[in-house]
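One structure is given here, and the rest of the page talks about it.
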Amino acid sequence: MPCVQAQYGSSPQGASPASQGYSYHSSGEYSSDFLTPEFVKFSMDLTNTEITATTSLPSFSTFMDNYSTGYDVKPPCLYQMPLSGQQSSIKVEDIQMHNYQQHSHLPPQSEEMMPHSGSVYYKPSSPPTPTTPGFQVQHSPMWDDPGSLHNFHQNYVATTHMIEQRKTPVSRLSLFSFKQSPPGTPVSSCQMRFDGPLHVPMNPEPAGSHHVVDGQTFAVPNPIRKPASMGFPGLQIGHASQLLDTQVPSPPSRGSPSNEGLCAVCGDNAACQHYGVRTCEGCKGFFKRTVQKNAKYVCLANKNCPVDKRRRNRCQYCRFQKCLAVGMVKEVVRTDSLKGRRGRLPSKPKSPQEPSPPSPPVSLISALVRAHVDSNPAMTSLDYSRFQANPDYQMSGDDTQHIQQFYDLLTGSMEIIRGWAEKIPGFADLPKADQDLLFESAFLELFVLRLAYRSNPVEGKLIFCNGVVLHRLQCVRGFGEWIDSIVEFSSNLQNMNIDISAFSCIAALAMVTERHWLKEPKRVEELQNKIVNCLKDHVTFNNGGLNRPNYLSKLLGKLPELRTLCTQGLQRIFYLKLEDLVPPPAIIDKLFLDTLPF
């Protein structure tokens, strides 16, 4: 491929780089004794390896073919600039040209320039007769313009300083950069920048622009340049790693919630299930640490703190209770003997020891917890429309309204508790007559037990099954003295800090127990034993029996207290029937008659 090789003559003896000049003749030719012999070799060889480049500059002959130093066409084009140190080579070719623009104020393209797709070929021009330039030292950084003569001055001291700093090899593909100035910039100047790795940007610049070479500025005014005939897009030849950075797409982000579920506790992204429930890694770790350390938390509010992704760390008590409420099973958390041994059995003990109790039936306790959670109102959807913190119960309304409210609360809870009973494993397998008998006999006990576990006796706040919230004083005229016994039982129950798994077992045992007139009492007894064993294993595996002696006995001791409270409730219904201010609903009347002990 034909190319152009620059052949520079030496400067006159004693000429310095700071005193070189150009002279422009009327014929359009340039004359130059450009550099000292030391600088003649500075023709783009930055290290000892040759740098070959096929120029892609437009109409190179327009700028250079009339210099006093001749240009000959030789294949291939070789520019050499010796520099102390090692050598490296760079080959710039096949640079695609874009945005070719022919300016109307320039003469048409001559046949000396023959563009090619990717490279530019030049027709050889006749070498002009060398002329002897007049050397004149210029201390001004700008060019003088005396008519048709243009004296060129550059501060090559900075260039020499730059050469001394370029003694390390220059990496390939990092020497040239071709840029395009911002839109609207006049296209009357050409910029060459040698900054670090050699960059040769061919940009249109404003008039009188300054060129920086390692911190030194060279001012080149407009009169020395010919107007550019082509506009170039920004072409950047950089390191290969830089090119790859713009071509290789970034990997897709991990943890996208598109194909993942949500944590049942806080609503964060959850990839899989932990301890029986789909939860996030944060709630899984919190639940595991709490169970392994047998941590006890205290709620500083009303035990109904919101637990979501943003506020899950505010109240540990409410977060742990929600973990239990959604069905996370403490029995499946690894104990000390299995901690950190994913899927491996503990090492065989050296001395014989008592066999550990079998793990509780996870399916049974999980089903009991799930049934309890599904039958309780959500703390975020409670009905406070009728709640009054300090009501004047003696003046608000008459007895008829309070008695009707009492009956409505009982009947509204009955359907919810019946739905809870049908979800207990094994209960639906009993005869229908036994199911009805067990439910009707234990309804008032379950009503009191569930009400006492949900309510806040310290504030006198009662939360019923249908989500209605009332103050204790609002229930006195309807419930009578029974409400005081319920609040006292609630206070004692919550002082025991019963977790939701143990409470679910106690609630099931309150219904699945021995009753008169059962058709298949043996099957009821078997189901009762399963629930008792489940509760016993739960207490044992959670170290409740070690830290709190007779804890299981205290839990089971709440069942006789419920029988007493149930009797008080029957007495209240009997009193209201005798008062006959409001007739009881048929279902309450049947319940009262079926549960009479005589």
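Cβ from N, Cα, C; glycine included.
Remember, predicted model here, so these are calculated numbers, not experimental data.
Swiss-Prot lists 1-22, 337-361 with the feature region 'Disordered'. If you look up Swiss-Prot, you'll see 7-18 marked as compositional bias 'Polar residues'. According to Swiss-Prot, the DNA-binding region annotation covers 260-335, on the basis of sequence analysis. Taken from Swiss-Prot, the feature zinc finger applies to 263-283, 299-318. According to Swiss-Prot, the motif 'Nuclear localization signal (NLS1)' annotation covers 338-350. According to Swiss-Prot, the feature compositional bias 'Pro residues' maps to 352-361. The domain 'NR LBD' annotation in Swiss-Prot covers 360-595. If you look up Swiss-Prot, you'll see 443-452 marked as motif 'nuclear export sequence (NES1)'. Annotation source Swiss-Prot lists motif 'nuclear export sequence (NES2)' at 568-577.
Note on the motif 'nuclear export sequence (NES1)' (443-452): residues 376, 410, 413-414, 417, 462-465, 486, 489-490, 493-494, 506-507, 510-511, 558, 562-563, 565-566, 569-570, 591, 595 of its chain, located 6 or more positions outside it, place their CB under 8 angstroms from a CB of the stretch. Helix, strand and coil counts from DSSP across the motif 'nuclear export sequence (NES1)' (443-452) read 10 helix, 0 strand, 0 coil. Secondary structure of the DNA-binding region (260-335) per DSSP (helix as H, G, I; strand as E, B; remaining residues coil): 26 helix, 8 strand, 42 coil. Secondary structure of the motif 'nuclear export sequence (NES2)' (568-577) per DSSP (helix as H, G, I; strand as E, B; remaining residues coil): 10 helix, 0 strand, 0 coil.
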